[in-house]
Amino acid sequence: MATEGAAQLGNRVAGMVCSLWVLLLVSSVLALEEVLLDTTGETSEIGWLTYPPGGWDEVSVLDDQRRLTRTFEACHVAGAPPGTGQDNWLQTHFVERRGAQRAHIRLHFSVRACSSLGVSGGTCRETFTLYYRQAEEPDSPDSVSSWHLKRWTKVDTIAADESFPSSSSSSSSSSAAWAVGPHGAGQRAGLQLNVKERSFGPLTQRGFYVAFQDTGACLALVAVRLFSYTCPAVLRSFASFPETQASGAGGASLVAAVGTCVAHAEPEEDGVGGQAGGSPPRLHCNGEGKWMVAVGGCRCQPGYQPARGDKACQACPRGLYKASAGNAPCSPCPARSHAANPAAPVCPCLEGFYRASSDPPEAPCTGPPSAPQELWFEVQGSALMLHWRLPRELGGRGDLLFNVVCKECEGRQEPASGGGGTCRRCRDEVHFDPRQRGLTESRVLVGGLRAHVPYILEVQAVNGVSELSPDPPQAAAINVSTSHEVPSAVPVVHQVSRASNSITVSWPQPDQTNGNILDYQLRYYDQVEDESHSFTLTSETNTATVTQLSPGHIYGFQVRARTAAGHGPYGGKVYFQTLPQGELSSQLPERLSLVIGSILGALAFLLLAAITVLAVVFQRKRRGTGYTEQLQQYSSPGLGVKYYIDPSTYEDPCQAIRELAREVDPAYIKIEEVIGTGSFGEVRRGRLQPRGRREQTVAIQALWAGGAESLQMTFLGRAAVLGQFQHPNILRLEGVVTKSRPLMVLTEFMELGPLDSFLRQREGQFSSLQLVAMQRGVAAAMQYLSSFAFVHRSLSAHSVLVNSHLVCKVARLGHSPQGPSCLLRWAAPEVIAHGKHTTSSDVWSFGILMWEVMSYGERPYWDMSEQEVLNAIEQEFRLPPPPGCPPGLHLLMLDTWQKDRARRPHFDQLVAAFDKMIRKPDTLQACGDPGERPSQALLTPVALDFPCLDSPQAWLSAIGLECYQDNFSKFGLCTFSDVAQLSLEDLPALGITLAGHQKKLLHHIQLLQQHLRQQGSVEV
């Protein structure tokens, strides 16, 4: 039997050695195994320490190539006296950990079935135990304390998946059971070789020992391989990540590795807004030596483009450029530019061409314009209108402007000569309309020119790059002069006489008439009016009387003269006042004064009455008009659309409150205990009992004392928004207090508070249909709000309140998110990117609310950071179904999370879908047609860190079901193996009767089974 066992073992060893190399070759693509110890194929004596001596035997067996390999064997079952137990130890040499934080061990062994050994009683085992012990230095040769069990840490009890029977039941000692004989090779077919892998850590000391304890088995330890997992060095996203040891905690724990950007690359920008100079990229190494969870990355610098995928950045070739950092390829140089050197961030312009400071690097280079063409002018008295045509060459730009240079010369000059030393800049009296520089049209009115004086007018063409050119602007010039000159200004105006409704004025002739004066033009205006409301009259003499003036008013007067050459300039302004009405009446007969006084008194009375009537009518009309104008902003005539009024459009927000909310007398309010604190002040429970009505419980929010006026307007404005809506699933406004302090807003009292905290406190207590009914109520409220074109902007489970009848009501209407990252977990992609809130973005937020409801108030995206949430949304990852969530509901969530907002369902469609689920509950389990919607990747929640959980009680606390810790202890569920055996039928006996808790517990039991299956410590 010993010969047969050895032959069978050798045959299995040969096959497993080959398989090991294949497995290592495949897995090395993803992870590196750094070998710390390996006895596979060892032929010389290994010499591990055994205790007691002879408990384990080191022997050689033949493989199928007739080569010896060393094994350790223990088989003392049959030879042991009855009633005595076996305790045989085998210890490895000191193993250097070499930086490993966690060690993995792979065992190849074979175990004989106790039934084949003919041993009765409980002394036979088919298992052995694995231990490890850390040490800073190897043990001294005479050390015996290493066998004390307290110094060792148990890794696991190793059980064989397959044990094999003995071909001869007469031998069960170690030497007989595993002896190598000349005929062994032909007797190895029945030998069963097991492979088990375990890990232990974290390792903190220089090295460690591994020990194997046999307590009565007949086994052969064929090969022992100790190794650690290492994530290989990798190039990814233009960053190099070093070889990184896996975490010592194992499992789902991660070790962050900081990457280094490859040459000519830089970290990507941080945050939503894109801050330059971002954080270095990070990649995480998991416990199995595999890279995962990339955070950030690098991008090629300006002048460099991606090469070899995302492994390197290479310089842009000559003639190409890249202006900004990123992973886009280089681009050909724009027109009239060229990059003579590689790695160009911008293409320099060719000679004679330029880029303005406002031009982007991708803009073509441009040049200054050529000179204007075909200058000509039209004389208009002492002024002239100068015209020209556009330049033949605009330089490739559209920002063409013109400047006019005026020179006054002595004698006849040629435009091209510039006048030499006989020309000078024009006098200040010469003016240009509309202006002298920066003209956009090809004409200008030049005034203030003297007659018979030669001028040179030069028109320059300029654009955005003219200042960059070393040459002066291209210009065209023309000689001009006027043959006639208008009169100079009238120097002064005198008052001759005045009355209550008229003034008579006179003036002298201009100092320089420059010809015969044909007439004068008098301009006058009331000082209380704008000068643009002036009147004119013409007089052929130097005297004029202005009539139909108002008594006691001050008027301004100006006069100008006209000759055949045209009007001269106006003189300076002078002011005269008409007589008051009282002074005029004193010169009239007494009777006439009485008549006029009576008439004026009657007129005054009638005027006062008319003003009073008009004021009342206007005020009423203003109220109605203001209200109507607000409505018209949101109406579509003829379509029967409901209206919503934005209180911020009122000039006086208090007017909006008076029209849209009901004022409550504070005497009817009884304030009780504080139930919370809002953004404006304390929220209290109270009672409201208006006269003639029954008492009702209300929530009262009072504004903080001393709040700024803007805060008061915001506080009342939100109440004005809420007061416009009447729906059973929208929080009802009971009234406001604005005529006394403090300002107060009264709403119906919602006993159970926000929906998210309500669900967290009652996890697992509702059926799926009850949760659907809650969501249906919120959807109905949002359908009602969308019919008013109202966008909520901050919809979440926290903004929904629950009353004692489990009715959900939408609240926080008119609350705008504060800051770019506020409510990011509920925000649609277009809101994050552009701040664009629509009813479609409310649909997205409602889908997140659905997920919150089905997960009993779980935080969306769990503990992911804001940046990780943003990256996940941009990469089109979506939340997975919560535990126990019916497939039909999760499909509805995915519909609300369509990236294209036009493809998201409307709220009326969501209400119809919920109604169908309530009428036909089997539709909750419908998976839908996979082709009807795009496939979306689902996020996975962060897994439990099982190595950190030392008991089922800690596990229950980690999954939020610590209320059942006493139940587990009472029924003796003290190990994870016991918990892993639980099924749905066992839960009621444990006192777990809530359907939601049962679903959650079974979900985590499945995860526990997967973990234990990987560890190989339980049969599930």
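Just so you know, glycine gets a Cβ as well, placed from its N, Cα and C.
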Annotation match for N-linked glycosylation site in Swiss-Prot, from Asn479, Asn967: Asn479
Around the Cβ of Val683 (ATP binding site), the count of other Cβ atoms that are within 10 Å: 17
Proximal but sequence-remote residues of the same chain as Ile675 (ATP binding site) (Cβ under 8 Å, at least 6 apart): Val683, Arg684, Arg685, Ala699
Site with most surrounding Cβ atoms, counting all protein chains shown within 10 Å, from the binding-site residues Thr677, Ser679: Ser679
Extra residues within 8 Å (Cβ to Cβ centroid of Ile675, Gly676, Thr677, Gly678, Ser679, Phe680, Gly681, Glu682, Val683), ATP: Gln701, Ala702
Gly681 (ATP binding site), number of other Cβ atoms within 10 Å: 20
